[in-house]
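Asker: Take this structure, written in structure tokens, and hold onto it; I'll ask about it next.
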Amino acid sequence: MADHAGDEDRSSDGLVSGEAAAADVDQEDRDTDKEEDAVPEKLADDDELKEKWYRRAFFTVFPKLRRVEERRQVYSNDRARNKAFKYANNIVITSKYNIITFVPLNLFEQFLRVANTYFLILLIIQLIPGVSSVPFYSTLVPLIGVLAVTAVKDAYDDVKRHYSDWRINNRAAYRVLSNGAHEKMKQHLRWKNVQVGDVLRLQNNDFITADMMVLSSSEPNSLVYIETAELDGETNLKVRQPIPETSHLQSDEEKLTAFDGLIECEPPNNRLHKFVGTLHWNDKDYALDNDKIILRGCRLRNTKWMYGVVVYAGHDTKLVQNSGSTKFKRTHLDRTMNTLVFFILATLGTLLTICWIGSIVFESVYGVDFTVYVPYYNSLQDTPAEVSFLQILSNTVVLNTLVPISLYVSVEIIRLGLSLLINWDEKMYYEVNGIPAQARTTTLNEELGQIEYIFSDKTGTLTQNIMSFLKCTIHGVKHGETTMEEPPMEQEVTTGKISRGPSPAPDTEAAMLGPEEKKEFIKELFKWNPHADLTDFNFVDDKFVEMCRNRDPDVEDFFRVLSLCHTVLPQEENGVLVYNAQSPDEAALVSAARNFGYVFVARSPFAITLKRLCKGSTDEWIDEEFEVLNILDFNNERKRMSVIVKHEDKITLYCKGADSIVFARLDETSKDAMQTTLKHLSHYAREGLRTLVVAQKHLTREEYSQWATQHHAASIVQVNRDEELDKVFNTCFLCLHSTSLVHGLAK
């Protein structure tokens, strides 16, 4: 992309409010404004938004009033056809007000405060002739002052939101034109001008412009690495991969401009981890899921470039669908002040009631006698009841000083001062990027330190989340480190025709070694494996290691599951094999298989390559390639992951998951081993270890062919795809014949 070197800096603009309220602006943003200003304001084609200006403005301000979609159809590189659907543009507004709505909406929010409403009612009473002895402006001026100070503060906060929206909506983007033109000015456009169906190019460190279907990338197998910290707070990189049929497009813009695929998918929704769609291209249908989509709010990492088709834009993106509109938030202090004002008003009501009763008594007994000296003011004061009613209104004005209208002004000034102190705090200055602390709202300080509850979906949220492979049990035989709480136990297990004697006891001497001695022992134990990564690895069972080197069939089946059934991606960094995993559990299990001689070295959409030690050799390693036929991903309903591979003309299903799920799908030949394994599970659970169960099933060609046909039919269904796929998953492979019922764990 010629003359576009500034994209990397440009892409680092800090997001404010709805898109990334908690994100600080990167240091490189300091240099981006000039580069962005260098891009002309109007760079896209004149037909980019032919929708009437008033309709566009209306739906931009009120996006939820746009028509409800039942199904979305996106024509790639065809703005004319997509225009008929009136999809949302890519403008995102996170501000609360505009010029028209500021005064009424801000006044409404301010009068939600009880004191402000009270003084408004008081002002109305003072305007009634003959009621108030105090001029109305004595209340009007302070009330206007309070409302004005708060309005200025709110306007200042919202101006910053508008500026943030302007910066984001005016970022530069790179569009592949469908007419094949290659003039520089026609290849660049602003984010706000991007439309559904556009094919865009992104570079490393760019923020994702809109929700896009990945077409191709610079990485092997067209893998795309993204950071999703703005969406889910996870800092580890996620991987996305296009369908193989589009990955060959690479960076050939002639082919990309000719790409005319039709994407049919679900309407806009806020489900970040789910996408259901189908690509119709070249008279074929291809299933699309969440692994083929990258979302707005993510950031491209470790990928030189990528191309994608915009599926959702602007307020239809999943990020904005989750954000919702900017709401008026009351702080804890606001709620406390409202409560105090209610008590003051209750006191005022009590005093007014006492005065009212006294007025009725006085007017009934003595009031008429005084009319000789002080006649009634008007005809409304003919009876004691009428006089008492007017007296209540008058007393309300007299006692108005009980309600502290200046309290809110004082609080707003204190909030502003404390927010400035946060901005000026030297101890909160980040010297690496030269970024000071920034209080994006004046109410930030009063909410600090008031956390009442912490909700965590896993212990790793609050801990280091470091996992290490410690123990395993294979066909009822335990292997691994011995602990002081649990001495080696013996058991007799009979599974079909296989008879097991006492389990080999781990090296108890090794279990009693100190930390440094244990490291040396492990290093010596695995010195035969040049590919081993012994970082945070504490497995010391030398007898089990010897079984691995001798290619024990059950042990071999066990580690094949661990090395094949996963979503880990290998990568070489400075000549060292590194695994990129979406969870520490997978990383620990794949690394364990690597240390025991089952080294996962490469992955493509259709194959997984393992490096193995030749049988009978001590230093000769060979590559084994397994053809990947299907991957059945883990989800919260299935609670298991499976992979179907073909190797040496044999088709095998490997599965790992929760014990209750896998055990329910075992056939009768595995029941005896299952009972013993359940006992081992109880021991491991008491030690605080995390566990899972793995199993396998050999398939005939006929079985797999029948299942694959059903799976493809279910994968391209538009409605209830997950349910249809679950039916296929649960009916075809209900019984897992386990030649190696195994149990791996991490701590």
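The backbone N, Cα and C atoms fix where each Cβ goes, glycine too.
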Asker: Looking at 1-43, 646-688, which one is region 'Disordered' according to TrEMBL?
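Answerer: So the range that TrEMBL calls region 'Disordered' is 1-43.
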Asker: Averaged over the domain 'P-type ATPase N-terminal' (74-139), what pLDDT does the predicted model reach?
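Answerer: Within the domain 'P-type ATPase N-terminal' (74-139), the model's average pLDDT equals 85.
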Asker: Treating G and I as helix alongside H, and B as strand alongside E, what does DSSP give for the domain 'P-type ATPase N-terminal' (74-139) in helix, strand and coil?
Answerer: 30 helix, 2 strand, 34 coil
Asker: Return the residue, from the listed binding-site residues E586, F634, K656, R690, with the maximum count of other C-beta atoms within 10 angstroms of its C-beta.
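Answerer: Result for the most crowded candidate: K656.
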